[in-house]
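**Q** Take a look at the following structure, please.
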Amino acid sequence: MATYLEFIQQNEERDGVRFSWNVWPSSRLEATRMVVPLACLLTPLRERPDLPPVQYEPVLCSRPTCKAVLNPLCQVDYRAKLWACNFCFQRNQFPPAYAGISEVNQPAELMPQFSTIEYIVQRGPQTPLIFLYVVDTCLEEEDLQALKESLQMSLSLLPADALVGLITFGRMIQVHELSCEGISKSYVFRGTKDLTAKQIQDMLGLSRPAVPIQQGRPLQAPEQPVISSRFLQPVHKIDMNLTDLLGELQRDPWPVTQGKRPLRSTGVALSIAVGLLEGTFPNTGARIMLFTGGPPTQGPGMVVGDELKTPIRSWHDIEKDNARFMKKATKHYETLANRTATNGHCIDIYACALDQTGLLEMKCCANLTGGHMVMGDSFNTSLFKQTFQRVFNKGLNGEFRMAFGANLEVKTSRELKIAGAIGPCVSLNVKGPCVSENELGIGGTSQWKICGLDPCTTLAIYFEVVNQHNAPIPQGGRGAVQFVTQYQHSSTQKRIRVTTIARNWADAQSQLQHIEAAFDQEAAAVLMARLGVYRAESEEGPDVLRWLDRQLIRLCQKFGQYNKDDPNSFRLSESFSLYPQFMFHLRRSPFLQVFNNSPDESSYYRHHFARQDLTQSLIMIQPILYAYSFHGPPEPVLLDSSSILPDRILLMDTFFQIVIYLGETIAQWQKAGYQDMPEYENFKHLLQAPLDDAQEILQTRFPMPRYVHTEHGGSQARFLLSKVNPSQTHNNLYAWGQESGAPILTDDVSLQVFMDHLKKLAVSSAA
């Protein structure tokens, strides 16, 4: 019998699913007493090189309110060619193509190893992928030049038949016609006035052909090219012309006087991009890629005025309700994001500037559409250049790692209902019998739209057990969930990926130890963290921390072993033991602590946390620390100030930064140049080892992390010191005659103090 850890691992590898509980409490009452909700992390397009897609349509349950897909959990009568749906128990005929099936000749979707299966379905004409570049020209010369080179480079990475378009903006917005005649023409719009989709389409001459397409199918083929030909062209036709056009782009010509910001019409430029795609290619895979080097300063969506003496809003301003443009700008971008999501398009934001660029207001454009958000200091850095290049990376099978216009539907057996989802998605408002009235995250629906996704995109999906306490589930009963993801593959094929999973029910009163042993503390920590970060968007920070603390105390009261009022007797079993420290680091993380971060930085961190898979999310919550020394091979060490020793090099991975920190002695040796002397070859290798390991992480991570190389006493050592558990501070340094580790100058509580308080509260009879 495999251990639960192995079971969890195998399921994640096969199905891309991690549940908080892997044996489910069998009644609503017992489930609420578990504190951590029944929920899962789902990576719909997890890479499975061993899973070739099948070239036929899935077989669906015939009950109109169910339509679940045939799967290995269904009961099959091979003689009568019937199958019973495991969700609604409807008996269904197999289609004629399945006439030859038998116990020894099963179709793939009935085999247990195909609990996840992918179908290629041909529905409607194939349309090429679309990339629309929206480029800010109010940049410094050096930055603009670097951005132009990156954009020119990207043309060679696009699929040859992809359509590409270009909009540039500064004080005015220019929509460029991309013809092959070599004459550059563009339509110019004022940046101060918002336009409706209809106005944009009329001005660009897009409305005429749109009517026949709606009514008569035969006209579609000849009319479609007319629409796109002027603004969106196949890259293989116009790559030379577009390369020249990008090369000739100039800085915004409007003079910027001393003490002023350039007038930047980002809000209207995005609005025109959304309107252009809405009128030409609704419900087709398309990316709007916004490159901006500063905040929007005029027109709808502006986040700050053009006077440099008035700084852009800070958290302090927002708390004091002193951010005068914020609400209006956020509303403008939310409207655009919802329109974009309705059309199945996604918006990427690449913001590179030393000051804030308005990501707080614009975040919904990427968050609701599944677009990327990249934040850097300048377009002329390897951080931006390599991250942008990775957008076009190819997977193990030589295909782009991007998919478009996905529709995720969740089906459950009758004892469960769906409470909601958290991730880069929007609700499709599909009500049904399996939708709960209690919402967690984006609820009230059993279907969500994810306009842009890749093999790492991960959603958190929350469930509610609705089975009544007095209606027991028969012994050995299993609950089931099916995830059906329909999407446009980067090869423009329509595909459907179906994952069907089942877990055992258990009576929490007589079989609590089974439920407890099957707790996945890593998944639970990430699922609770997502709920906390989701709440932090609309609630006060201290309230969210209090809520997380309360949940942690309740969990410890429920599953800890202790004598009343005796904190020293408190123990947590192995399947819960790491959970409190995840919560400790989450409380200190930039997702919940806005101190020392700008609103843009907080939005950026939260954006990535809401879409990464379990492994990356855990690194964000509790960074990984490796130590390199002469005492042995590199080893993971505690994220604690006691790990900072003079004769060690530390490598810390926080997901957003890779920090290499040289201990005091190592730094002195390096300054003395020992690594250059032949007799200290081993010291040279020691210095090189963390650099090689860091390089490996830098090669694969998206977005590329910031790389920090520092030493004891260096100004950038703060990146490490702010993350480690401050077990030794300036207050307790001399207690117990401690010698090891570095004291941290902080008033933050340490993990030890946190755990002591937690134990005290958990065992208290007053609680």
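Count begins at 1; order follows the chain as displayed.
The backbone N, Cα and C atoms fix where each Cβ goes, and this holds for glycine too.
According to Swiss-Prot:
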type    : residues                   : note
BINDING : CYS61, CYS66, CYS85, CYS88 : Zn(2+) binding site
REPEAT  : 634-720                    : repeat 'Gelsolin-like'
**Q** Tally the residues of the repeat 'Gelsolin-like' (634-720) by DSSP class, grouping H, G and I as helix, E and B as strand, and everything else as coil.
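**A** The breakdown for the repeat 'Gelsolin-like' (634-720) reads 44 helix, 21 strand, 22 coil.
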**Q** Using the centroid of the Cβ atoms of CYS61, CYS66, CYS85, CYS88 as reference, list every other same-chain residue with Cβ within 8 Å of it (recorded Zn(2+) site), in sequence order.
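**A** Result: SER62, ARG63, LYS67, ALA68, PHE87, PHE89, GLN90, ASN92.
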**Q** Averaged across the repeat 'Gelsolin-like' (634-720), what pLDDT does the model get? Just tell me the whole number, please.
**A** 97
**Q** Go through CYS61, CYS66, our binding-site residues, and report the one whose Cβ sees the most other Cβ atoms within 10 Å.
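**A** When each Cβ's neighbours within 10 Å are tallied, CYS61 tops the list.
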**Q** What three-state secondary structure does DSSP assign to CYS66 (Zn(2+) binding site)?
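**A** Assignment for CYS66 (Zn(2+) binding site) reads coil.
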**Q** Excluding near sequence neighbours, so keeping only residues 6 or more apart in the same chain, what lies with its CB under 8 A of CYS85 (Zn(2+) binding site)?
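**A** Expected: CYS61, ARG63, CYS66, ALA68, CYS74, ASN92.
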**Q** Are there residues of the same chain, six or more positions away from CYS88 (Zn(2+) binding site), whose CB falls under 8 angstroms from its CB, and which are they?
**A** CYS61, ARG63, THR65, CYS66, ALA68, ARG414
**Q** Would you identify the secondary structure of CYS61 (Zn(2+) binding site) according to DSSP, in three states?
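**A** SS state of CYS61 (Zn(2+) binding site) = coil.
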